[in-house]
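Structure, as structure tokens:
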Amino acid sequence: MLGFLKEPVVVTAKINVNLVALTVMGLISRLWGLCYPRAVVFDEVYYGQFVSLYMKRIFFVDDSGPPFGHMLLALGGYLGGFDGNFLWNRIGAEYSMNVPVWSLRLLPALAGALCVPLAYQILVELHFSHCAALGAALLILLENSLITQSRFMLLESILIFFILLAVLSYLKFYNLQKHSAFSGSWWFWLLLTGVACSCAVGVKYMGLFTYMLLLAIAGLHFWHMIGDQDLSNVSLLCHFLARGLALIIIPMGMYLSFFYVHLALLYRSGPHDQIMTSAFQASLEGGLARITQGQPLEVAYGSQITLRNVLGKPMQCWLHSHTNTYPIRYENGRGSSHQQQVTCYPFKDVNNWWIVKDPGMQQLVVSNPPRPVRHGHIVQLVHGITTRYLNTHDVAAPLSPHSQEVSCYIDYNISMPAQNLWRVEIVNRESDTDVWKTILSEVRFVHVNTSAVLKASGLSGASLPEWGYRQLEVVGEKLSRGYHQSMVWNVEEHRYGKSQEQKEREVELHSPTQMDISKNLSFMAKFTELQWKILTLKNEDTEHKYSSSALDWITMDTNIAYWLHPTSAAQIHLLGNVATWASANAAAVVYLCLSLWYLIRRRRKVYDIPEDAWQLWVSAGGICGGGWAVNYLPFFLMEKTLFLYHYLPALTFQILLIPVVLQHLGNHLCRSVLLKSMFSALIVAWFSSVYFVYCTFSPVTYGQPALSLMELKALRWKDTWNILIRKQ
């Protein structure tokens, strides 16, 4: 029974020394001196704010992309014990002692380091030689721009890591297809492909480009499988379902999970939640939730309400009125009704309160039991403080002459009768009998007499002049002119009115109400709203000193100064390895020209290279060349401020193309021993130049040692580079 103890237990393992050595060198190149400089470097001032908000559990919206990358940076802060207390207000600010700089920069650095062995393995899985794979990894290792970007609290290195991991996983899965379909390793690499793709998209939407490329390649491979007569229909269906599960369903589920964790962590109200709907704000702890907690859910006749415009941008505002009237004549000579002004006011104020009145009754209090207002009901809106009725008529609005003026009616005993009946239309109703609900219902007020819709036109135009206190214009807009979100309102604050007397009612309007009714949103409702805000919220793109165009990137005609020492000449720049960038461009041109030549020759039934070499050439081009194209060309269509670091994912794929082209040239064009020897010598000389450029620019890659004035001037290889030189 114990016979197995007679022999020693032996475990054997194959260790790829190349892979281990590359991983160690990658870690050294990215982790060395990681805490230097102990100051805010370029976009750390941007991402650091979000890390602090995560530490304090305060909700925020970042229109640059999904939250997964931010959460990874916050994880570094959490592991380092960061409490979130640091003022991220300027580049170059010295970090206080409570900021764990090494921990915050660790995950981007690890991701950047692991890109080196990933590049090696991708070339191996593409069936290129270990020498070519080693060359690709060393080029990634010695690329100054990738080193710089991975050594700080930035997202590009994490994005590139997940992109390369997705490509490697798919290649490993594909190579197992013929001999080990549906095996454990086959499933592992297929599932990891989907996971890595979702992580890449979750870090930045740029990851979507590579995800789409892999989906297209997977679709092409499956199309070829359909023509394989050895596969049964059932087998094909299983392959299709497996790919659909791993490459579509799981990435979608993971993408949702990023937002679920994000919303679970950020449960406190903050400055960013003002752009969200009232329902979303009320779901957060503090802020609006503290004000609206326990409000009545159903709006009834006699309810006292504030109405917030749903659009919420460029600022939130509430339907508002005050005792001042429109001027008899405007500056351009047009006349007005001289009625009481109605505006949209971007601050909470007692003059934002309105009373929902039944046109057939005089009372301004809620009956017992309350009579709820439903979709399609006719109401009057009475301004709480002045008790005048919301009104519109065929008079031109002050700033929008093609729209109707909205006012609170004053009876001047002239031939302008009150027109103050409004039909309540619930836009997001489930049925035509829906009750108007606090916060949840999005409503439109349609004027009964003229069919005009109440609209906050000032959200898309100028504010009123001094006579309107620079508040935002409200108009009656014909629906025939088109639907707009500024026509939709929701009840934010709500109480059941109890006081019929005006003075008692004014006291009531100033006091909060507490009734125990919950209005929590579901996760999907919050996700849908947050996702829409991320996709549609646009910050004003201003010209940045270091912004550039996509054309500048190929030839690296631009750089970015990331950091400058306050007293010495030490500085850090985002600058690439000139030799590598030029070689990558040359490799892309050679690949394109050779591919066209081969295609034309093959059309003429002339086969210059064996079929297996041609398939290898095409598959490598699809991954490396395709990866460069999908990560670069879309930037020509984008209307946003662009920076050199946006090119780094595309550059990574282009670098992988260099050894592909070199091996092909060496194997198929250099056919004599002499040519092969000369070609090898040229490669050694070329690679020496890559290492020389890396060493030359290392001082501005790592920020040390500080260079002299002459040394800095010598680094300005292009007139368009902005190397910082202090005036003596």
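Every residue gets a Cβ built from N, Cα and C, even glycine.
According to TrEMBL:
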- 296-359: domain 'MIR' (DOMAIN)
- 370-427: domain 'MIR' (DOMAIN)
- 68-88: transmembrane segment (TRANSMEM)
- 100-120: transmembrane segment (TRANSMEM)
- 126-142: transmembrane segment (TRANSMEM)
- 154-174: transmembrane segment (TRANSMEM)
- 186-203: transmembrane segment (TRANSMEM)
- 208-226: transmembrane segment (TRANSMEM)
- 246-267: transmembrane segment (TRANSMEM)
- 578-600: transmembrane segment (TRANSMEM)
- 642-662: transmembrane segment (TRANSMEM)
- 674-694: transmembrane segment (TRANSMEM)
Are there residues at least six beyond either end of the transmembrane segment (68-88) with Cβ under 8 Å to its Cβ atoms? List them, or say none.
40, 44-56, 62, 95-96, 98-100, 102-108, 153, 155, 158-159, 199, 202-204, 258, 261-262, 265
Counting only pairs 6 or more apart in sequence, are there at least 3 Cβ pairs under 8 Å between the transmembrane segment (126-142) and the transmembrane segment (674-694)?
yes
Near the transmembrane segment (642-662), which same-chain residues lie under 8 Å Cβ to Cβ, leaving out any that are not at least 6 residues past its ends?
115, 119, 122-123, 126, 128, 132-133, 135-136, 139-140, 143, 145-146, 149, 154, 156, 159-160, 163-164, 206, 209-210, 544, 546-550, 552-553, 556, 558-560, 574, 576, 580-581, 583-585, 587-588, 590-591, 594, 617, 620-621, 623-629, 631-632, 635, 683
Over the domain 'MIR' (296-359), what is the model's average pLDDT?
89
Tally Cβ pairs under 8 Å between the transmembrane segment (208-226) and each listed stretch (154-174, 246-267, 674-694), then give the stretch with the top tally.
154-174
Taking residues 6+ outside the transmembrane segment (246-267), which of them lie with a CB under 8 Å of any CB in it?
53-54, 57-60, 66-68, 70-71, 190-191, 193-195, 197-199, 201-202, 211, 214-215, 218, 284-285, 523, 526-527, 530-531
Could you tell me what the rest of the chain brings near the transmembrane segment (186-203), counting residues at least six beyond its ends with Cβ under 8 Å?
65-69, 72, 155, 158-159, 162-163, 165-166, 169-170, 172-173, 176-177, 180, 210-211, 214, 242-243, 246-248, 250-252, 254-255, 258
